Amino acid sequence: MEVLKGSYKQKSFQSLKDLGQQGSSAAPGVRPTKSLQTSPIGSWTSLSHLRLEKLAEGSGWEELQDYGLEELRDGFFDASYSRPQRVAATEPPVSTSPKAQSPLAVRCKAFRDRLRVHWKAVVKFTVAYLAAMFLCLVRPASDWIGDVYSCFLPVAVLIHHPVRTVGVQLEITVQSIVGLALGQGWSALWWYVCSVARVGRHEGALLFLSLVLSGLWSSWLAAAYGRLVYMSVSFGITATFFATSMPPSEGSLPIWRHFWDQGMSYLFGLLLSLLVCIFLFPRFGHATIGRGFSSAANDLKHLLDYLVDARYCNDIPMLVEAQENAVSAIDVRLSEGYREFANQFSITRFDGKLLEQLRNSLTIAASPLRSLPLGHGLLTNVELERFHQARPQSAPENTICVRDADDHYEDQAIKTEESANLGLACGSTDLCSAIIRDKFSETIFDLIMELIHALNSLQVGLNNISESNVSASERADIKANILACLSNLHDRIRRLDIKYKEFGRAGLFTSELLLNPKSSDALVFLRYIRQCAKHMTKVLEVFLQLNASVHWRVIPPKYQWHRAIHRLSHQCALDQGASFLWNYFQTKRDVDDAFEMIYNSYTSKHHEVSDLFSRQGMRPRIRAFDHKDFAVHSTSNPIRYKLWQLNNSLLGPESRWARKFTVVLVALCLPGWLPGSKVWYREYHCLWAPIIYVILSNRRNSSNWRALYKRLAGCVLGVFWAWCANQAKHYSNPFIIATFSVLLCIPLAFNYFAYNRRKSTLAALICFTVPALVTFFLEEHTTASLWKQAWTTGVALLIGTFCSIPINWFIWTFTARSELSLAVSGLLMHLSQSYQIVAGRYLYRDTDDHPNDLTRSLASIREVRLSQSLLATRALVRSAVSEPNIVSEFRAYLFDELLDHFSVLLERLIEARRLGQHFQVWDRDPNTETTRALLSLRRDNVASVIFIFYMLSNCFSSGSKVPKYLPNPIFVRKKLFDTFMKLAEDASARGTSAHSSTPAAPNNTDPSSPSSAGQDHWDEVYAICFSRAFTDISVELQRIIDLAKEILGQEGD
């Protein structure tokens, strides 16, 4: 009976103890292998096996006895455990002495650099603010706009400042106008109710109800849908103003002119910011996205430069840093920049679809570089210096008509006697590396240099077409340059392919060479550079189309609405404060959605599970990878799931924040409704306390005492400056107030943009603007009246500002530290899903079910999203460090080390995914008996890793201690290799190994043909590197277990 791959119903090796006594009778079950010389049994696992044995011996673990019990049921697995040991405490990093104060010259240079970058933003911000102040200080204009309430005009300018792209500014202006209209409509309704049929005798209760409803709705809307925050703030400001500005005496008619005063002032502020944004240093997003692509190409070029630079080629830390920077440039900065571009109205010269294709093709081209072995030893200092000296003397070849690199070229080289001798003498490690270096170093150097030249040309071309005045002749020059790069790149790829074939036909692939880690790294390095170059040709082709389609066009937002509604533009997120947290939550939502989509996607070519089992009478069996194992949804009823989503949104954290926010808002407005205080509350404009509270509050800003001190200090400075502006000679002189505005606005604007102190600067400017203008409109200007008005209003602003931060410290508190545990839990879950996909879809995939284009595309999305999630979580750690230590000391170094291991784990998963698609693990087994014997052990290895991931994920999400007994991933994998080597030795002793009893290959495959032999060689290389990557995953996972126990604690301790 034929053994079905992936079926756990077959007997395991432990149940086949008589296998070693069967002699040669097992020969019919032997699977054909293709090369005796290059595929020794166990060679692809021997290096990893040796490493695991050393780790097991050196760690002092004591394996627990399993008494020979074996799990044979579907859906269960056997795990290997070690006796728990006390986790050694990780020493915190040595704290360095505080840095000495930078010299004055250095600080002046840093100041000049910041000024050179942000001077346009400072000018735009200052012009808009001063224009708003001038309109308020010119009495005829201010009387018509809104009289004393014209101070809403500069406040609206400050909230919606013009230093944004035109598309974003237009969007937030429309949002705020809608919020203003809704707020005035809502308030007009309640004012009408308060003035009809004597209902308004106790209008405070009605206004209280109005404010409660509006506060709940506006705060929930901003918390649930981040993109609508400006509509929510405008609605909240308007509703709060009208809830506290009713006439102070019962029976008085409402002053309906207040609707004109507040509405026109706020509207004029919105339109003024929009006009300044459009006409003064306008930004349409065109140059920004062009610079983003250019910067990403430059970072890739730097990595390749270091690889062929004699000074840095052996500097592994420098190369790792350049590699990480290149990965971050593509996966994070370029990706975020394109999302920013696609999420807004843009006036650009780029075609949106071609720009997306360029982003995707550049991401694919950079993907092999993140798994590039850096210690390959293929390029040495001496050779690089020699190649660089010889390169200027040889003119580059511009071959225009070159066939595609994937075409098969006839190799004219023949096996020389020298090559044969080299192949026989390839036993030395150094000699193996020298042979590969001799054959490939010059060719790969030329290919890397051509890649650098292509990236440089791409960077220059992007910079040129990003300019608004690029001419047709310049575009023609760009096209000619890119075509030359494309031709040269094809030629270099062809030469490398010829070298491949020469190397394979020379008989240099030997078992000794393959068992040399340096050799396998060098061969993988060649393949990854070749893949990068091949994908780079696609990048250049897309850029040629982009260059040919350059003309001005308007591109509307094309981001998916269900994701765009939660995404706030970068500048707006900075303005809201705690931009790290905004970025973290946006990234977390995108990553969760992407993983749910990917994890539940069926990419197999077998449309039904039963397609794998076409025989009659056989029930469908559980596959090696089942998407229902860890599905997010616990119900298949769509209506029930939608109801759960609705209930979660109404009663979730957003709703809790809305209730807490509204309680504080009502408390700040309460004096405006009480008979004993509502007169002075309106007279001294204390209604600005709840208004500034609405403006400054942020649900996801934990902050600390230092942030509170800075915000309050800014408020005191603003109030003091406002009193000084009115108290100066010629009381409340508009020219003096305008002068004071200029003197305050310029440094604060620089502080706003250059140092990203957004909320404290905004609070300072509002606390200057409101007291200055309110005092300016007083009928009587005396020293006492100016002091009383300015400081009474200022104290109200201080109270509202003070409440905007501690609200997050009490009742349903938000802290970055509590969120960090959930972030780590999510990362563990996503890493587990990625591991399961790699194991099920790549390593143990079904027969004739190779990963297709869809599978690879989803893998690329998954890897990019995980990289973004890791960086966002690192930013969350930095936010957690700034929080005060109240209950216990926060050990950030443990989370930093944990995330470092996550990063290594992710890179190994990416490496395993790239390698696993090139070989079939079942073909590495010598016979079907071995495959059947190893099925349960392979199941145990994968299932143990997944089980550990999910146990740790649940511990972090619930805050529970880590169980004392968890499977030891090193022991489980070592057990698999032990069994594999024992089977190989038994088969060799019986004389039934593939070396002596391999049946003839199928008729359609000639194992002696050069192409078949070359493929066998590369299969062996990929298998060795894959085994090493999967072993690294087990090693890293054991260290993650120890760190989790140190962070959360261990049960029983």
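Just so it is clear, glycine is given a Cβ too, placed from its N, Cα and C backbone atoms.
So that you can see what the record holds, here are the features copied from Swiss-Prot:
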- 1-38: region 'Disordered' (REGION)
- 9-25: compositional bias 'Polar residues' (COMPBIAS)
- 117-137: transmembrane segment (TRANSMEM)
- 143-163: transmembrane segment (TRANSMEM)
- 177-197: transmembrane segment (TRANSMEM)
- 205-225: transmembrane segment (TRANSMEM)
- 228-248: transmembrane segment (TRANSMEM)
- 262-282: transmembrane segment (TRANSMEM)
- Asn464: N-linked glycosylation site (CARBOHYD)
- Asn469: N-linked glycosylation site (CARBOHYD)
- Asn547: N-linked glycosylation site (CARBOHYD)
- Asn647: N-linked glycosylation site (CARBOHYD)
- 661-681: transmembrane segment (TRANSMEM)
- Asn701: N-linked glycosylation site (CARBOHYD)
- 735-755: transmembrane segment (TRANSMEM)
- 760-780: transmembrane segment (TRANSMEM)
- 794-814: transmembrane segment (TRANSMEM)
- 991-1014: region 'Disordered' (REGION)
- Asn1003: N-linked glycosylation site (CARBOHYD)
Where among 143-163, 205-225, 228-248, 262-282, 760-780 do we find the most Cβ pairs under 8 Å to the transmembrane segment (794-814)?
760-780
Output the single range from 205-225, 228-248, 262-282 maximising the number of Cβ pairs under 8 Å to the transmembrane segment (117-137).
262-282
Of 143-163, 205-225, 228-248, 262-282, 661-681, whichever stretch has the most CB pairs under 8 A to the transmembrane segment (760-780):
143-163
If you count every Cβ pair below 8 Å, which range out of 143-163, 205-225, 228-248, 735-755 shares the most with the transmembrane segment (661-681)?
205-225
Who are the long-range neighbours of the transmembrane segment (262-282) in its own chain, taking Cβ under 8 Å and residues 6 or more past its ends?
120, 123-124, 127-128, 131-132, 135, 145-146, 149-157, 160-164, 166, 169-170, 173, 176-177, 180, 184, 234, 237-238, 241-242
Which ones in the same chain are close to Asn547 (N-linked glycosylation site), with CB under 8 Å and 6+ residues apart in sequence?
Gly461, Ile465, Arg475, Ile478, Lys479, Ile482
How about the transmembrane segment (177-197) and the transmembrane segment (228-248): at least 3 CB pairs under 8 Å, pairs 6 or more apart in sequence, or not?
yes
Fewest other Cβ atoms within 10 Å: which of the glycosylation sites Asn464, Asn469, Asn701 wins that one? Let me know.
Asn469
Roughly how many Å separate the Cα of Asn647 (N-linked glycosylation site) from that of Asn701 (N-linked glycosylation site), to the nearest whole number?
25
When a 10 Å sphere is centred on the Cβ of Asn647 (N-linked glycosylation site), how many other Cβ atoms does it contain?
10
Rounded to an integer, what is the Cα-Cα distance in Å between Asn701 (N-linked glycosylation site) and Asn464 (N-linked glycosylation site)?
41
Three-state secondary structure, Asn701 (N-linked glycosylation site) (per DSSP):
coil
